[in-house]
């Protein structure tokens with residue numbers, strides 16, 4: 001072949017490569033400001049964009065959704081990590097820190113966090129994450145007309161459930177409880193609330209490396225759960241149907257179709273409540289009842305911001321986020337609960353103001369346990385503690401004796417904890 | 001293999017067969033450089049990652065651990081059930097699709113309504129599998145006030161809605177998933193069988209009859225032995241390989257509580273290793289890879305040993321002598337068409353309700369509104385997603401076409417064992433499940449690209465699309481009549497001119513490859529799930545993400561699904577004749 005022929009071939013190859021690059025370059029983002037990967041989507045993403053719009057340089061927000069862990073691992077492997085990530089679980093913060101993926105952080109002065117929460121983000125004596133958003137996970141949502149007198153204690157709740165279930169069986173009235181058992185985290189949130197009430201001292205130990213998942217606290221908690229879940233007619237359509245009900249649908253069953261009287265979930269449920277409420281009546285929420293009146297458990301979840309190693313811009317941005325005023329637009333818009341000491345009058349949203357006060361005055365805050373569990377034990381669809389709690393739910397609603405169901409569940413929990421490198 | 005294109009594999013499987021005369025191109029110097037782009041892509045993003053996965057399956061942090069990962073993976077609770085379910089998918093579903101496909105192809109031949117029936121059956125093959133999942137989950141909703149199937153079951157059995165067997169429940173979820181898959185794939189089988197039946201010379205049947213053969217003999221001697229055996233093998237193998245696409249369906253259709261009851265190897269590998277590939281995940285991946293490759297080899301062998309089919313002398317356009325199928329068969333075809341329309345109707349009807357109505361009651365009990373579309377269109381995200389996905393699909397298709405044309409040209413004149421070996425290698429590259437190599441591919445992307453993951457996403461799509469495109473184009477080149485090749489070589493001043501002239505002769509194949517690659521990327525979920533990045537979330541991923549709150553978002557989700565389906569359906573329906581001409585006819589010949 002002649003020289004021109006060769007030349008042409010090379011040109012063509014180059015053209016092909018350039019074509020590939022051009023075809024794809026068009027898809028890539030433009031100028032690089034601060035890149036932030038967040039777990040939020042939809043209703044939470046928009047107010048967060050309003051928050052970062054006030055930052056000095058351009059901020060590029062990427063919604064990675066619930067698979068943010070897989071997303072960040074892949075990015076780290078490819079060397080294209082974002083500057084900042086907002087993570088849904090403290091376990092991820094410490095794990096990334098141990099691997100050396102993160103920069104240590106110093107929050108802005110005046111960034112106060114309740115005791116015990118901040119330490120969850122430390123690794124090797126240094127802080128690698130800061131809390132930016134909290135979730136109050138100890139609420140029951142209901143319509144005041146359907147439930148004028150909320151139960152004050154756990155025993156009241158069980159009695160109420162039995163009474164309403166009997167009525168529902170008799171004349172087809174609404175079932176007492178809606179539960180999104182198709183989402184494993186709903187069940188783990190139930191478990192954590194009861195655990196914090198039954199065995200306050202054993203709660204934090206279960207997150208540690210020597211957790212005893214077959215011990216007394218866990219068994220007592222499961223007994224209690226079996227007590228209420230096994231009530232015949234407790235859930236609209238029964239347990240089988242509840243296992244196919246997602247969390248949003250359980251709220252809809254209370255506020256819209258009114259097939260159930262109350263649904264347990266966190267403060268974030270109010271976006272579903274607002275979207276699906278019907279008629280003039282305002283749905284309300286009461287605290288998860290404990291053994292004694294006025295002393296219910298308080299479980300909080302939260303999202304933490306981290307900066308990836310080597311990103312100066314990321315560290316600066318996180319520091320800015322922890323400033324007293326950073327989240328003002330979201331506070332004004334409503335739907336935001338802070339775990340820092342934001343003055344209560346800054347909350348535009350009355351529900352959140354009440355919850356923030358509760359979080360501040362509660363004796364002990366406990367952080368969501370399943371979010372602190374190691375490895376796959378922490379749970380996702382069909383995996384870990386989510387799956388085990390769903391099996392337990394299926395057992396107790398399906399007529400398996402409570403003692404047998406508890407035995408099976410504790411065995412599975414202990415085995416899963418062992419495999420994940422925690423527990424004994 | 002999760003990338004297995006919807007149409008056209010017959011030509012690929014066929015090509016493993018004996019060499020054809022068209023391969024006898026004159027050699028043209030050092031054209032091996034033309035293979036370079038394809039070789040780099042396949043070597044870097046398929047072969048090397050496969051080797052890395054194999055390596056990861058026998059090591060732990062670089063230390064040799066032998067079969068420990070394999071033992072652990074196989075001993076994990078539920079692995080046996082997962083493997084069994086994967087096998088069930090690979091055997092039962094292809095059998096059903098093949099049988100139904102043949103019946104419907106025979107029933108819809110030579111009748112007036114046949115064309116319409118086939119059109120209806122083809123539409124589901126063009127839908128993104130995510131949309132198929134959304135559609136069937138809407139239909140199978142366990143609440144009789146929303147789910148059509150549950151309502152009908154409750155009416156038929158006289159139970160209350162809560163006592164009816166749950167199609168999405170742990171007992172029946174696999175059946176529900178399979179029904180969705182069959183719905184989506186039968187159209188393909190019908191197309192292939194129809195092309196095969198049309199190729200059958202009617203003189204053969206006449207000859208059998210002349211010797212006193214009955215209906216059964218005609219079926220056996222004039223249809224089964226000369227052609228259908230081979231076509232059945234091709235369709236069966238295709239669908240069997242395609243069943244690993246159930247991944248998309250499972251992610252979209254199953255609520256978290258029944259995901260384990262529906263799990264297959266694809267899902268298990270993804271659950272154990274996610275975006276990285278280590279230890280047990282790698283071991284499961286290797287097992288899966290070996291099974292898929294072995295299945296592919298068996299299929300290739302089977303197809304090759306089948307009866308050599310007659311060459312189609314004249315296209316059997318209209319054969320006035322042959323009668324349309326009997327009445328019950330025609331009714332069957334019409335019934336199937338109606339049944340196949342129901343899920344589409346459910347999807348569209350749900351999308352025509354406001355978000356609140358769609359979540360709270362059935363689409364039959366509320367007045368229609370465009371509120372869901374309005375919410376989607378004004379949400380701002382949709383346009384960005386559509387633009388990004390369009391750009392991605394177009395860019396990937398163009399790149400694949402260029403790379404594949406360059407590589408197919410020199411490969412087309414290989415003959416004998418060399419041609420068969422390259423055919424097998426390319427075929428193996430087509431069937432590699434992307435979940436198995438996700439981790440290593442990410443490593444390679446990290447080395448190749450400094451930043452910008454939309455580029456990485458496109459690159460992975462290109463690498464996964466190239467082997468199939470090369471196969472089809474190589475066959476198209478090889479099938480060109482010798483005189484046309486000679487003419488192109490005489491008039492073309494250099495290899496580039498010749499290639500251009502030859503490519504012009506292969507227009508149906510090029511069109512078919514383009515449409516398939518475009519639809520493939522547009523409909524993708526799994527590549528987006530594993531490799532998307534900042535600002536690079538494609539449409540399929542967005543829809544799948546919305547299914548987390550399925551009931552609450554069903555109106556908007558249905559509207560989004562309809563919008564996402566328009567383009568692939570229009571493309572496939574418009575180009576279906578060319579698709580058949582360019583791909584399928586080559587396969588069953």
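Cβ atoms are placed via backbone N, Cα and C, with glycine included.
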#### Entry: Residues flagged as transmembrane segment in TrEMBL, choosing from B:358-377, B:458-477
B:458-477
### Task
Name the residue range among B:27-51, B:52-76 that TrEMBL annotates as transmembrane segment.
B:27-51
## Note on the structure
Checking B:150-171, B:172-193 against TrEMBL, the stretch recorded as transmembrane segment is B:172-193
### Query
Taking 3+ C-beta pairs under 8 angstroms (sequence gap of 6 or more) as contact, is the transmembrane segment (B:119-140) in contact with the transmembrane segment (B:27-51)?
no
### Message
Before we move on, state whether the transmembrane segment (B:331-352) and the transmembrane segment (B:87-107) share at least 3 Cβ pairs under 8 Å, counting only pairs 6 or more apart in sequence.
### Response
yes
### Message
Using a Cβ cut-off under 8 Å, which residues of the same chain at least 6 positions beyond either end of the transmembrane segment (B:172-193) come close to it?
### Response
6-7, 10, 85, 88-89, 92-93, 96-98, 100-102, 104-106, 108, 118, 121-125, 127, 129, 132-133, 135-136, 140, 165-166, 231, 234-235, 238-239, 242-243, 245-246, 249-250, 253-254, 258, 261-262, 340, 343, 576, 579-580, 584, 587-588
